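Presented below is the structure to which this report refers.
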Amino acid sequence: MKIRKLSRITAIAAVGSLALAACSGGDSDGESSASDNVFTIAYNSDGGHQAWVDATANSIKNVLGIEVEGQPYATFAELRTDVGDRAMTGAFRTGWQADYPTLYNFLGPLYGTGAGSNDGDYSSDEFDSIIKQGLSAPSIDEANVFFDQAQEVLLADLPSIPLWYSNVTGGYSENVDNVEFGWNSVPLYYQVTKADGTAVLANGSEPENPLVPTNTNEVGGGRIIDMIFTGLVSYDAAGEARNELAESITSEDQQNWTIKIKPGTTFTNGEPVTAQSFVDAWNYGALLSNAQKSSYFFEEIAGFSYEEDSELTGLAVVDETTFTVALNQPNAAFPLQLGYSAYFPLPESAYADMDAFGTAPVGNGPYQVVEGSWQNNVSIELEPNEQYSGPREAQNSGVKFTFYESQDAAYNDLLANNLDILDAIPDSAFGTYEGELGERAVNQPAAIFQSFTIPQELEHFEGEEGVLRRQAISLAIDRQSITDTIFLGTRTPASDFTSPVIAGWSDSLAGSDVLQYDPERAKDLWEQANEINPW
Amino acid sequence: MVRYIGRRLLQMIPVFFGATLLIYAMVFALPGDPIQALGGDRGLAPAVADQIREQYNLDKPFFVQYLLYLKGIVTLDFGNSFSGQPVMDIVKRAFPITFRLAMMAIVFEAVFGILFGLIAGLRKGKIFDATVLVVSLLVIAVPTFVIGFVVQFFFGVRLQWFPPTVGGNVSFESLLMPAVVLGAVSFAYVLRLTRTSVAENLSADYVRTATAKGLSRGRVVNVHVLRNSLIPVVTFLGADLGALMGGAIVTEGIFNVAGVGGTLYQAIIRGEPTTVVTFVTILVVVYIVGNLLVDLLYAVLDPRIRYA
Amino acid sequence: MPEIFHPESGSPAQPSTRPGQGHFVADVRETPLAVVDSVNETEAPSSLWGDAWRDLRVRPLFWISATLILLVVVVALFPSLFTTVDPKFCELRNSLGSPQSGHPFGFDRQGCDVYSRVIYGAQASVTVGLLTTVGVVLLGGTIGALAGFYGKWWDTILSRVTDIFFAIPLVLAAIVVGQVFSNGKTVWNVVAVLAVFGWPQVARITRGAVISVKNNDFVTAAKALGASKLETLVRHVIPNAAAPIIVVATVSLGTFIVAEATLSFLGIGLPQSVLSWGHDIAAAQTSLRTNASVLFYPSAALAITVLSFIMMGDAVRDALDPKARKR
């Protein structure tokens, strides 16, 4: 009897105290209180970022002795909304993949005052004026000198803390040859050869939008668009631009451009590719009521408007193979941009019903979609386009993309030779893939940059105190250790804000020592900041 | 009986409205603006975002959106996903394959779960029972992603007995591994439920009577004990079909099955009301039908249960 | 105790020898028949729970599982007794390191000590598992029992509500319910989410068990003896229907702790600052190909916890089962 009562009481006591312990133990809510300030780094939890965020947080914590924590967001939408509403209470992950291989693409859209992706609200007149000078420079090389100077301003202010450059990691099976990855981390499928002549099996992801060039802003659809269309310019494996459909792109003042296209090329439905094809396509992409996601690529062309439907007055067709472009401001890098998918031409048949066109696109590229082969979320097949004659002619009998949600599944398929080309090795296989694939493993630098942004208006990170703290945090991150241990060599510690793949990149900018690991100096700077305003 | 079934089917209507309203409200309550997320890391210009928002009726108040959705259902138009695909097409593509996968999993867990549970219950306390306990423990404590990974790696990659992924190649062989992995945890439930029920019923009076009457052990067990033990098992299985269809996110990811679980998860993360509500409503119907079948089975298994 | 009434003399019977009687008729009290007539007045009245306890305390299974559970609870409540290493101190150079002195289980990917993380993680995980199971059994059990026992309109409404809740996806519930507690995520969040997601299963099982039990004769007998419907439900039907509920509850406890791992993996579970087995299991996914031991230890801890509750559940169910006979 007594034992029974006793055990009953013990059981209730156990559950009760567990509940109480849960209350007190689990109470840390990440909000800063007066004496217990926590520095948070926000990220979206479905992007595989947890490991490096935790490692970075631990690195900062161990050196500076402050509370640092990763802050996962369940949905990307929530993270973007909080960032967009400027509601962040800490730092947040920022990644940037170049649209086209220029230094400017990493700098202007991210750090220019009021720029579209300037989520930290950084604003520096010095930076803006150097960038402007760079854009008006007569040649790319001279422009790059200015862009590097602009980076030195960034290194002093540290609006975001550069972390590393991502490599592209991938692999291919024993059945294929000639696999090379392009500057944008996408394999150059057209040059892959397969011994038995069947279609090359590659991995992809379901396009998030219909296959319309100006509405495709993600890699699943972009991969296919790049293969079924071709534009004025294309990029080789090293990121060098070469003319494809363009015969010449010239300008006197870097602001007014004359573009001549090669005559005689056609779309797969027989329509000729003319200057009008480009002008109409660009106007379609820019028109507000068409709500195209890549419309901001036309921002700099005269006539563009976010307020109302407006025709691009800066575009004018001179004759069948010539048109002119008038920009709002000089931009020396303009020709380099024209390889990006937003600038591709469209046949006239598209405008009748763009949604239908998006499911069965008609292009002018090295490949075309095999009719009826697009099974949503499953796969899509491409076959060579006989009418294409350019530098990217298909060397195989076609490519079949199978869509995967998980890279692990794709990797296992690669190991079983069920897949020919994989363009991203999953985290779990970083340590083993080079051993398992041997020569067929790929690990090379890519134009992808990772950092985390500390908003300009964040308490303790403004003004002089802010600069000291930002530098301290940057010096407290052991980037080499993280890339060696967490990423197993598939990332390279950053020494600037761009990417080593881009022409003009330099690893010896003034002030880049702030991106090295120096715990002593970090602690020192942090203490100095504490004297101005305790943490 | 027919009236009973008819009544149950009629009840589907209020459930349908209740479910659609609840789920629509929950998706509406999701934090974050789904349209902004469509721009990826770069965000969208506010003007463009507004245009897209209007296209999907997301600028209207909650009840208007809900009523517009209901109006569309009358014509079997469930709206479009953010990628422009009609939701009806997505349903037609995802549900058949998931249904097939879930049915295979149910057959696996039912057959093996009941079989092993029966033997374990008959031989309670012996080696087989202990082994069965260890196996159910392993299956519960080891997360699905590990079981799936290990199964895929050994049988699909190393031994190459089965294709490692499903993808576009939907066949019995390719679905076998995912079905087993999917049914693994439920197998543990069925196993233990059967074992417990059988062990309990073995000591009931009617078993003693039947044995005393001279019936063979086999007949006693298979006809009398099993039938009476199956009620909780059948209850569990009936609800499990819906659970497997809607919850197979991890398994579908590992084996690359373009099914309901993965699609639903992506739609929830994107905050896409049309897809989420449509999918969940269909799942509710699956649950209702499953539970109805189970309730009818009760009357078969236990003649004391009657329906007006 | 009824006196043996001697009809003729009116006095307590004596060992009587009547004239001519050659044999001795003993007093009933002195014969084995007395056992039938006798009632032990000093012993407490028997009850279902009393009988169950008496049965339980002689089963070794009960004591083993009780010890294990006690161990797990003590670890959860007083982790500092078992380790002095700080579970949150992580140095990358120790990443995936093998066991050394002071670090018996080695290091995880971030360089944190696995052993101390397992010890400290017990609190959150066991709490989530226990509280969710209790919540789910109370909520689901009540709804299922009411639906099964009262039938008709109760059944219709409750079962349809159950159907609706069955279909709510875990992820959706987790994000939305997590929003409600936006001022700070605690263990209670996760418990609430898992309870909302988990009760329909228990409700269905309970309803099924109650339906099959309520047609038994003893229920009719209880009603005939004047027990109210509620009394019949609680005192007679539920203990007999308890077996499948206990099975589902004990198995579910394990799946709830693993479900917490899934929620952590998706970023909607416990906050990063709270240590739990779920976090470690989810984070171990990327180390599977290289170092599976990082997964092994938290999973083993989980398995032991689940095992102890399953064993306890088995023992309790066996003890409660009125149909069981001692063999």
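Placement of Cβ uses the backbone N, Cα and C atoms for every residue, glycine included.
TrEMBL lists C:1-23 with the feature region 'Disordered'.
Cβ atoms under 8 Å from those of the transmembrane segment (C:61-82) belong to residues 116, 119-120, 122-123, 126-127, 304-305, 307-309, 311-312, 314-316, 319 of the same chain, restricted to positions at least 6 beyond its ends. The annotation transmembrane segment is assigned in TrEMBL to C:61-82 (among others).
Residues or ranges marked as domain 'ABC transmembrane type-1' in TrEMBL: C:122-313.
The transmembrane segment annotation in TrEMBL covers C:126-149 (among others). Beyond the transmembrane segment (C:126-149), the same-chain residues lying 6 or more positions past its ends with a Cβ under 8 Å from any Cβ of the stretch are 72-73, 76, 155, 158-159, 161-162, 187, 190-191, 194-195, 198-211, 214, 229, 233, 237-238, 241, 245, 249-250, 252-254, 256-257, 260, 270, 276, 278, 305.
The annotation transmembrane segment is assigned in TrEMBL to C:161-181 (among others).
Residues or ranges marked as transmembrane segment in TrEMBL: C:245-268 (among others). Distant neighbours of the transmembrane segment (C:245-268): 124-126, 128-130, 132-133, 136-137, 141, 170-171, 174-175, 178, 190, 193-194, 197-198, 201-202, 205-206, 209, 276-279, 281-282, 285, 302, 305-306, 309-310, 312-314, 316-317; these residues of the same chain sit at least 6 beyond its ends, with a Cβ under 8 Å from one of its Cβ atoms.
Below 8 angstroms of C-beta separation, residues 52, 56, 59, 61-62, 64-66, 68-69, 72, 105, 114-115, 117-118, 121-122, 125-126, 129, 246-247, 249-251, 253-254, 257-258, 277, 280-281, 284-285, 287-288 of the same chain, each at least six residues beyond the ends of the transmembrane segment (C:295-316), sit close to that stretch. Here TrEMBL flags C:295-316 (among others) as transmembrane segment.
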